Amino acid sequence: MTLPVFFGCAFVAFGPALALFLLTVVGEPLRVIILIAGAFFWLVSLLLSSLVWFVAAKASDPADQALQRGLLVFGVLFSVALQEAFRLLYYKLLRKAMEGLLALSEDGCSPISIQQMAYVAGLGFGLMSGAFAMINLLADSLGPGIVGIQGDSQLYFLTSAFMTLVLILLHTFWGIIFFHGCETRRWGEVAAVVLCHLAVSALTFWNPVYLGSLLPAYLLMVAMAVWAYHLSGGSKKNLQHFLLCECHPSSCPRPPRSHSPLGSCPWDNTPPPGQLAQLCCQVLHSHYHRAYGPHPRQDPEPSATLQGELAPGSLEGIWMIVPLETRG
């Protein structure tokens, strides 16, 4: 039974995060670099907090139980504060890197947005945090031994896996909220992330009462997920399109903010799937050429059907359904 326990707990703890990595990160080299750097920043914060804990434990009396409990609480507070300090430091570093990418870009556009940076950096923090929280438990789950043979709960490994999962996802959501707060100078969002991190860390003291620690942690995760989704520009309509597998016009790429009239139209050769998204891109394609003049490769004007559905010279119909983040 040890092998099924190992694989079951591993997939519970890291399955969703691995899916996010494979579907949203691994295809973009820049995102992979940001994720690895984020994991490294979290690792450095763990190293420093572990060093402080080691010195404090060696300097204290191990027979004093009250002092040891106080040191444990101090260690949790210090570790959370250090992790969030390194998250802030990583945000400042990414902001400088983004300014450098803008300076080197020919069209004045960064290849990655601050929202994408926040998501990938948070995922990096979470993956490294989950790895250090679960790797020793997974090694022990391979045996020898049987969980609960001394009367303890047999759900120890499983509940640890679910707690690791919630921490990985929370770090991802915290990264989005934290970066948004720093970007918009809304320090209340930054403070909310720190307080939520402290609350979830404090819940781990209740781990022997598994329901008392897991249930509040997952409720906080749902709240953070909704908040992060809202700050990223999500809406009920976007969620409805996703759940119903409907094509949405936001899949139409936006033009560069400073585009030269001599360049090619940013909507050339980018037919998105779906009839509605294709309509969006064809209309934007037409208005681009009307604004900047014809491209050397003369593309045909939209068909009469397209012109009949949206009045020429007006993008009001498109602007009503394209999210704010996709508008130029």
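Glycine residues also receive a Cβ, built from the backbone N, Cα and C atoms like all the rest.
Annotation comment: TrEMBL describes 6-26, 33-56, 71-90, 117-135, 155-178, 190-209, 215-232 as transmembrane segment.
Using a Cβ-Cβ cut-off under 8 Å and counting only residues 6 or more beyond its ends in the same chain, the transmembrane segment (190-209) has close neighbours at 76-77, 79-81, 83-84, 88, 159, 163, 166-167, 170, 174, 177-178, 181-182, 216-217, 220, 224. The transmembrane segment (6-26) makes contact with the transmembrane segment (117-135): 3 or more of their CB pairs lie within 8 A, with pairs spaced 6 or more apart in sequence.
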